[in-house]
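J.: Let me begin by handing over the structure; questions about it come next.
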């Protein structure tokens, strides 16, 4: 399937007797951000304990891994892993055991100058065990001198790109966000302590009270002295990744103050208003789950009824059969099926959140046509993606981006829709505000770019 | 949680080289009807092969159980098990190995006179290995004389209650539905063969073409001669369980010719029309997933915006922690969370599909209030349940039915809503037609009732 | 491999608050008697609870199955299953749920007239769910009239063949042994209660005090009144299966008063004495584990040193690889390897406990020759098997018995040994006493034989 | 239990199309050297692939981990892990991913100056992810300059202690053994390629032909040029750990040219000769499995019969029950039971291979006494351990060594034996040759010792 993949979620607890259990619950609420690996590290003032593994959170911990995670502070991680990079070495938290004290790091994002930094570190004798950027962060920090806070700040100055990470020491907890604020990170109060999360929905899950987003360039230190804030640079700006609104975050999360469901619904409404005069249709159908909010918005603004024309199977479907092509097709149908009675003979406005390689949209349009939909008008609730992302969104190379390769007409033909329209960038900005990174739509990258090991710009 | 439990799903394939694999895919589409057990039996003309186990379909078969299931015909089952009755003896298919030939049965429903029949059978020397009604069916059939078709017909005459079952022999496949048609069962064509399923959504999943519903009282025999139909009685009527529309079936299934999503949406619309003059509210929120269709309908008819105010976590959440009360509360929150930004300060019309014991509704209303909803108006998209069901719906004793125990006002107070209204029975009939069993709403049972081993009426 | 398969083990506890746990420990000590399935049923005076599954005991219960097994009485079973018969329906305990009270049965043995009884039962309307003899026992008992003790006694009169079984009711526990005492069964005291086991080694494991063997034809009833003994027939004799000494039982078990290790060692000694003048050899090597006792005995009587020339790998070896022939050979080597340094250049007396199809012996002789053993003299610590067994030993058809097919010289050549000798039947009788069933050696069956559904003799 | 723990096993394949499968089979034969973790890395000329996990080899790979291990060269590891150090970070192979090329290391042994090296490395900016010595080796090598062979040689010069390790690069394979040869490592031919193993028994398992032991101080490089040998130092000596003979290695392995079973048997014989005049006894019983060879030897030399008085259960016993003390005792009995009939009334010579903390011996003597053994004469087939080991044997602190704490008489009383005798060091030397490290017996360490981060001697 042609899904954009989420790029991990981080979660942390400072000062709570149930730090490991709370991290488990918090990560469960972030599970949509990564299903290939999960782990939790805790600290009890004397040592750091860590348990992690490949797969879903619940299966990683089903054999009792929580039992050994002692202490009142914790950090946790759910991981999305690219193919080939899903070795156990890349699963987080990453722990460095040093005689001056151990630290554990969990990280969400992508370091744009990872290749350069890695080269430099290796030349100075560092060893890398996996391919994860988190390992670079560990090295960058440990190589600096002075107290840990200063080491973190010095390290961050060298990091270009998107990063929100947590550092757990034997006694304290640090939260850091890159100077453009590309990846989300928020802080909440939980009784006498604190809680950190990639998304605010995890605060709700454990009853923590949202305090504020961590600020671009900010380094928060949680210690016996409470919460102390500092900045590793003064050159900051708010450039949260627009994809957090469009696809990644859960509808009940607030990202930089805006509710995700509400932003998506607004996108749907705006699209409907643009279609107002031209589009004669019978029903609106959203691709579950991430496009349902936009479909509701489109329905509301257009007056067309919103229908459940596509159904997502809630159960994990595994194919144990060495499949013929026929059985392989069924494997795909295990995930998504069309509600034939609802769409047959209808002119359908099909709402999808985004379009990357085009294969999923093409497949869904075909499903609807086979189910006798009279017309299928595809509306993408975000602009065409024509630039690659270097900040953690797995949209691969520019050549794979179908909006880059094909003209609008050719694209419509490829997906098989009767009409196709994207949300314009301006309209997206109306919905989610201008303070986002829109680089995948307009090529305006917020950091220098690197290419073959050299800064290209 | 206060959920009505689904009462199993059955699936069958006649004449297809991939009978076992197709049964696996078909059952996956019926997984919502039962998660406590699953199994498949196949036949290759010479013998019957069976593999089954406790738990979800995918986990039952993950160790390779499909491999030994040879042959071109199959029957399968997903099981919902009441507590205590979830022993392996009750997991289906149930196979009887006899020297005159083996048979396998899968069954959906509940035999109202099970106690009487069991007594009689035991007095005649029969042995029961579990507590499942399917075992009674096996015995009832095997005790008759003559060819199998006649044995089945004779046995069915003795069975009161709800049943849709499939019988697999070494060569043939039989499909039977009770004379009131209480439980659903449909037949489809699949290439040169046939396919049977509790719900039509499973036909879509494997590319079979819907033919028709099996008729009340009908016995279909699939053999080398093709499909032959007969009836075990002439006293038949259409009384499909209304709960199939309200709660059990998947939105993309058609039950007795009506699409489930469409019926639910219609219920929502009717409720909105009844509320038209009196209800001042801001938004409509459905309880995911089964109430979303009704919420869409309510929104459409009332003009109030439909919002995603409650979010269901798509991932299975297990609690490995010996929980304090506090952690136990979180365990519940792992499943359902409220979208605070959407509901805060709003007057919410909360749509739920049904109300049995009232505990879930009460919990959700409380969640919304804690999230600062200004008002919560609970609308139940079905009538008040005041009679117990003897046909397979697990609504327990009459005393547990909160609508039986409490007056309308007391019930509103109990759940904590600002107003509470049920769909009237007449309105439900408008939505799903009059040919349903509404016994749980009006006490008009379609079979004799039995009590302490005696027929009570 | 050419192993004789064990035919199940049974275990029971009467009157102990830890009845389920003790059954678990007891069955663990009997695990060598069957690895394909395991289960435990308990009773608490009101109901019977049962948990069972395919595979090793520890893996069946690793998900917590012991938790629900309430009550002070229990029966348990470890199962050896023939191919094709390993369906869950055949796993024991088998429970019959009847309104007059439930019973659970665990059984070790083989009913010689199973086919006849089954036919008769089916003709009278009984249904069989699997292919196990235990199910026949259940039916035979339930079909009788009167109090349970009488029903058991009447049923046993109809059963020809080998059986030791336990019956658990909601309140009591029964232990039954066939009139020839073919399969072992013993009783022990455990505090205020009792304990029953196929082998005495399981008593040691839980600290129970051996009382005596259950007698041929005896029915023991354990109830509030204590232990009551009766006999279902007066025509009894002691004919324990000789294979219990030769192969099945654990060396630390006593069977009918004789220690198994000691009997085996004696067999080895006798063989050595027979060889005394003729055999010039350097070392004695036993095939681990079951032939080590005999090897010790041979060494002691011959004066030849006993050496560890063959090593059995203690860890379960699974082959996950789709194997080439080469890798398949290694799969066999995962289980047994030769100690090259010990056997190279030596004249080896190789002791094996028995020889059925000859394939294992042939393989081991070949291993030793490849390891440069100068000569290999194979000594089988039991007589040649030339008759099939109808009492539970899986030696298959007479045609498969290599000693039936081949002359002594041809057999020696087939296995590749420099000489081959069996223990004579007289010598075996000297070691284990004359009160055994030796039918597989001499064809003197202790019950009528049945063939194609008719008694043949 | 009071067992000495094995310290890991390593295995490698150079140039074979089935490198991963062969490593799996080879490691299975080494499973006795470590059960807490296992892993395999392979190389195909372009990249390194690795799969590993906690637990037994078969369970680590049961989900299909072998499938992705491409290439013709491999290294593998089975791990024994001390408590607390069993995090996934310590499981081997350890892979370093560097832009100049990746390497994987598997290691058996213990670096005596690990603390010093670690400090030094950390001061220079290295990060450690776990507590394993293998990680130090990785860093030591990567920090050197020049071609890999030189880097390895330079690194080894800095390492004090016991180490046998393999280095896999994308193209080549290196095998290294410390200059004292403390840990075993051998090389064999396998068709056109090579095979490396901690023990020779693994060569047998895959049909490889033993070539020779890797020499103390030797670095073997396997590449397209074949096998090239060099030495990292000229100051070498043969000081294989005596415990390899006494306890660690499999009886069918040859260590430095001597067969392990044969050495153990010789120890038993010598002990018997020392006892000749003084000891009146009836039978000899060895503690299974590692003391059976010595028991055979004692029996042979003394003329006393060797009996199977103790039985080790071959099946893994897990306790799922929250145990009372009574049930906990049974948990221990699940592993080892006494053959009462054999020992009752007898004067038993009990042979155990070694005695560390004394708890196991005490427990076994007690078991025998409870089983009515008249006398128990404990003979330890190795000298008293009075010095701690710094080379990989987990004998803990000197205070825990019971032979250090107690006088001979007090020790006999503590274990409850009627007499107690150890093998003398001289006699051990007679059995296994003088070229061993006997430091745990005589304190003559072969490397400098380190204490609190400083070289102490």
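Note: Cβ is positioned from N, Cα and C throughout, glycine not excepted.
What TrEMBL says about a protein is an automatic prediction, not a curated fact.
Grabbed the feature section from TrEMBL, which reads as follows:
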type	residues	note
ACT_SITE	D:8	active site, nucleophile
BINDING	D:241, D:389, D:437, D:440	[4Fe-4S] cluster binding site
BINDING	D:290, D:352, D:353	Mg(2+) binding site
DOMAIN	D:8-225	domain 'Glutamine amidotransferase type-2'
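Tell me about the setting of these features in this model.
T.: In this view, residue D:8 (active site, nucleophile) is surrounded by 27 other Cβ atoms within 10 Å of its Cβ, with every protein chain counted.
Counting every protein chain shown, the number of other Cβ atoms lying within 10 Å of the Cβ of residue D:437 ([4Fe-4S] cluster binding site) is 26.
Every protein chain shown contributes to the tally, and the Cβ of residue D:290 (Mg(2+) binding site) ends up with 23 other Cβ atoms within 10 Å.
Across the domain 'Glutamine amidotransferase type-2' (D:8-225), the prediction's mean pLDDT works out to 93.
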J.: Of all the recorded positions given, namely D:8, D:241, D:437, which is spatially nearest to residue D:352 (Mg(2+) binding site) at the Cα level?
T.: D:241
J.: Within the chain of residue D:353 (Mg(2+) binding site), which residues six or more apart in sequence place their C-beta under 8 angstroms from its C-beta?
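T.: Listed in sequence order: D:246, D:247, D:264, D:287, D:290, D:291, D:294, D:380, D:381, D:382.
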J.: When a 10 Å sphere is centred on the Cβ of residue D:440 ([4Fe-4S] cluster binding site), how many other Cβ atoms does it contain?
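T.: Other Cβ atoms found within 10 Å: 28.
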J.: Most Cβ neighbours within 10 Å: which of the binding-site residues D:241, D:389 is it?
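T.: Answer returned by the neighbour count: D:241.
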J.: In whole Å, note down how far the CA of residue D:8 (active site, nucleophile) lies from the CA of residue D:437 ([4Fe-4S] cluster binding site).
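T.: The separation of the Cα atoms works out to 18 Å.
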J.: CB neighbours of residue D:352 (Mg(2+) binding site) within 10 A?
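T.: Here the count is 23.
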J.: In three-state terms from DSSP, label residue D:352 (Mg(2+) binding site) for me.
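T.: Once the DSSP labels are grouped into three classes, residue D:352 (Mg(2+) binding site) ends up as strand.
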J.: About how far apart, in whole Å, are the alpha carbons (Cα) of residue D:8 (active site, nucleophile) and residue D:389 ([4Fe-4S] cluster binding site)?
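T.: Their Cα atoms are separated by 16 Å.
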J.: Around the Mg(2+) site formed by D:290, D:352, D:353, list the extra residues of the same chain whose Cβ is within 8 Å of the site's Cβ centroid.
T.: D:246, D:247, D:286, D:287, D:291, D:294, D:351, D:354, D:380, D:381
